[in-house]
Every structure is written in structure tokens, then in C-alpha cells.
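Undergrad: The structure follows.
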Amino acid sequence: MGMSSLKLLKYVLFFFNLLFWFCGCCILGFGIYLLIHNNFGVLFHNLPSLTLGNALVIVGSIIMVVAFLGCMGSIKENKCLLMSFFVLLLIILLAEVTLAILLFVYEQKLSNYVAEGLNDSIRRYNSDNSTKAAWDSIQSFLQCCGVNNASDWGKAHPSSCPPYPEVQGCYAKAEQWFHSNFLYIGIITICVCVVEVLGMSFALTLNCQIDKTSQVLGL
């Protein structure tokens with residue numbers, strides 16, 4: 001692999017990370033927008049920080065930091081930044097695999113916890129504006145009512161519940177949506193993992209090539 005190949009690999013890795021840096025900016029910006037406007041509110045009062053806005057801010061920030069290291073490491077041919085980029089991607093990949101295993105192992109416990117949290121939030125609907133906003137957003141988006149069915153609300157249904165009879169509960173509707181889109185979710189997850197592995201491979205290859213080029217030039 002000569003100098004021309006080194007330059008090609010360097011710019012491929014640079015533009016690859018630049019694209020992801022912009023994606024990270026968009027995710028971060030959308031997360032901040034949701035935090036400011038608080039459209040989705042809080043559903044789980046035991047975990048008040050567990051909101052869509054916070055999740056997007058964290059994910060966007062991580063993508064921006066990792067992509068920045070990849071950009072600077074490749075364009076400057078800096079081995080320290082490249083190895084930091086490689087290690088961070090490896091940690092993220094291992095964390096994703098660990099999370100997937102934990103979700104699979106504790107699926108039933110997680111389902112029970114979510115159902116309990118949703119039932120608890122229904123009781124807070126009239127006393128907490130954030131919970132009200134969260135439920136109204138979810139019921140309008142999913143066209144559902146209550147956790148299991150409309151009877152969870154008692155006799156007085158919120159205006160965000162669909163007007164037609166025999167409406168599904170939001171928990172069942174969310175599960176149905178997940179199972180119907182499981183293939184697409186799986187494909188996206190695999191693509192993300194492949195992109196991370198490619199990023200690590202490019203970084204490691206460029207790092208090794210910088211060593212070889214330095215030896216050839218006598219540096």
C-alpha cells in the first residue's frame with residue numbers, strides 16, 4: 001500500500017466521519033428542541049431523566065465526539081486520535097452487544113416494569129402536566145387509549161383517546177408496532193454494527209500504514 005493508497009484511506013475515513021458528525025449534530029439539535037419544548041413529557045417518574053430528549057442529546061453528543069476524533073485523527077494522521085477513535089468505537093460496540101443480551105435475558109422483567117410504570121403514570125395524569133403531555137402525545141401518535149385498553153382511564157377518557165370503540169391499549173399497540181417492524185429494526189441494528197466495524201478497520205489500517213510510511217521515510 002503506497003502513498004496514494006494512504007491518502008485515499010485517509011480521506012475515506014475523514015468524509016465517513018464528517019458525515020456522521022453532521023448526523024450527530026442533527027440528533028443533538030433535535031434532542032435539545034424536544035427538551036426545550038418538552039412535547040413528550042415524562043412517563044416514568046422513578047426515572048425522570050428517561051425522556052426522548054435526553055436520550056437524543058446523549059446519543060448525538062457521543063456520535064459527535066467519536067466522529068470528531070475520527071475526522072481529526074485521519075486528516076492529521078495522528079495515531080493517538082486514531083487509536084482513541086478505535087477504542088471508543090469498540091466500547092460502543094461491546095455496550096450495544098451487552099445491552100442486546102440483557103434485553104433478551106430480562107425481557108419479561110422489563111415488560112412488567114414498563115407496564116407498572118405506565119399504570120402509575122395514568123394515576124398522575126390529572127395532577128402532573130408533564131405526564132399529561134406525554135400521554136396525550138403517545139395516544140395521538142399511536143391511536144391508542146390507556147395501557148391495556150380504554151378502561152384503564154375509568155369513565156372519563158382523555159380527549160387524546162381515539163373516539164372509536166374497541167380501541168387498543170398503548171402497551172399492546174407499541175408491542176404490535178415493534179413486532180411488525182422487527183425486521184427493519186434488525187437490519188438497521190446490523191448496519192450500525194457493520195459501520196462501526198468498518199470504522200474500526202479503517203482506523204486500524206490507517207494507523208498501521210502511518211507506521212509503515214514513517215519507517216520508509218526514515219522518520
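Placed from the backbone N, Cα and C atoms, the Cβ positions cover glycine too.
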Undergrad: Cys161 pairs with which of Cys145, Cys170 in a disulfide, per TrEMBL?
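TA: Its disulfide partner, as TrEMBL records it, is Cys145.
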Undergrad: Please indicate, using numbers and ranges, the residues of the same chain that are 6 or more beyond the transmembrane segment (56-75) and have a C-beta under 8 Å from a C-beta there.
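TA: The answer is 10-11, 13-14, 16-18, 20-21, 23-32, 34-35, 81-82, 84-85, 88-89, 92, 199, 203, 206.
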Undergrad: Mind telling me which of the disulfide-bonded residues Cys145, Cys161 has the densest Cβ neighbourhood, counting other Cβ atoms within 10 Å?
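TA: Compared across Cys145, Cys161, the most Cβ atoms within 10 Å surround Cys145.
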